[in-house]
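Visitor: In case it's useful when we look at the structure, here is the feature table from Swiss-Prot:
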{"type": "REPEAT", "residues": "69-98", "note": "repeat 'ANK 1'"}
{"type": "REPEAT", "residues": "102-131", "note": "repeat 'ANK 2'"}
{"type": "REPEAT", "residues": "135-164", "note": "repeat 'ANK 3'"}
{"type": "REPEAT", "residues": "167-196", "note": "repeat 'ANK 4'"}
{"type": "REPEAT", "residues": "200-229", "note": "repeat 'ANK 5'"}
{"type": "REPEAT", "residues": "232-261", "note": "repeat 'ANK 6'"}
{"type": "DOMAIN", "residues": "278-329", "note": "domain 'SOCS box'"}
Amino acid sequence: MSVLEESRPFAQQLFNVYFTILSLFCFKLFVKISLAILSHFYIVKGNRKEAARIAAEFYGVTQGQGSWADRSPLHEAASQGRLLALRTLLSQGYNVNAVTIDHITPLHEACLGDHVACARTLLEAGANVNAITIDGVTPLFNACSQGSTSCTELLLEYGAKAQLESCLPSPTHEAASKGHHEFLDLLISWGIDVDQDIPHLGTPLYVACMSQQFHCIWKLLYAGADVQKGKYWDTPLHAAAQQSSTEIVNLLIEFGADINAKNTELLRPVDVATTSSMVERILLQHEATPSSLCQLCRLCIRNYIGRPRLHLIPQLQLPTLLQNFLQYR
């Protein structure tokens, strides 16, 4: 009993120490959150000087280095395409890689507005071509969302990575979903992986099928995209059948899509198609009719050649008619 009584004061002291540390941590967290809300309030009200003062006083961010809490004049000039103002600000020492609270750089803004001249000026001044926002968006992704091939080519020339980690937003998927087939063609020419699989989106081909972007689907298949790879166990043909797109269904089957493939629910494409629809009839017809020998030979030859070498088909010593057949022309 006496041992228990002697241990109580020490336990009480230990509790007080931990409680004090927790209280200080909570207070510090409260101050930071309050400052962030206050800075955001000033930004919304347009009082940039006050927001910059808060950032400089409490976070040590000086003017010209880019406050995380505000858009700099450099951001405004880039977003509005004011090239002369942009050059003037850069000559005055503004940081070309200044970031906002969301880690958006002036280059992000220039690409989002399709201002190629501004983007070139920023890149020549040393802008980070692969800068990532808190949402994982790159300047290349912004250029893609606008379908800007000029900005895209410029960024790629300066070393932009078309594909980063699998969890980040992909320019390829964005182009496929919005139907920017010229942009997609440009990315393919730079050697992207057309089968890049993002867990919550699937492959670019699957995304294009869900969005019913026929020209993008054609570009991806022509570049050698795997017609069976979709999202988890759902194939692109499942997506096309769900969207009731007869043109896309026929195209996928022509490129060798398996009409008997099953998803996680053990459903085939014909099972997910609308009842009595044209898509259902097409799938049932192909189910009852085997592919032609010519079709099977073409698929076999293309698989044997391999995706990295499909562009070399025109160099094969084959009749032009046969080359066109192998290239689906």
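Just so you know, glycine gets a Cβ as well, placed from its N, Cα and C.
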Visitor: Provide the three-state DSSP residue tally for the repeat 'ANK 5' (200-229): helix first, then strand, then coil.
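Guide: Per DSSP, the residues of the repeat 'ANK 5' (200-229) fall into 17 helix, 1 strand, 12 coil.
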Visitor: For the repeat 'ANK 5' (200-229), find every same-chain residue at least 6 residues outside the stretch whose CB is under 8 Å from a CB in it, and list them.
Guide: 170, 172-173, 175-181, 184-185, 188, 194, 235-237, 239-240, 242-243, 245, 247-248, 251-252, 255-258, 261, 302, 306-308, 310, 327-328
Visitor: Give me the DSSP three-state residue breakdown of the repeat 'ANK 4' (167-196), ordered helix, strand, coil.
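Guide: Summed by class, the stretch gives 17 helix, 0 strand, 13 coil.
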Visitor: Can you work out which residues elsewhere in the same chain, 6+ from the ends of the repeat 'ANK 3' (135-164), have a Cβ less than 8 Å from its Cβ atoms?
Guide: 102, 105, 107-108, 110-114, 116, 119-120, 123, 129, 170-172, 174-175, 178, 180, 182-183, 186-187, 190, 192-193, 196
Visitor: Looking only at the domain 'SOCS box' (278-329), what is the mean pLDDT?
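Guide: Across the domain 'SOCS box' (278-329), the average pLDDT comes out at 86.
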Visitor: Can you tell me how the residues of the repeat 'ANK 6' (232-261) break down into helix, strand and coil by DSSP?
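Guide: Its residues divide into 16 helix, 1 strand, 13 coil.
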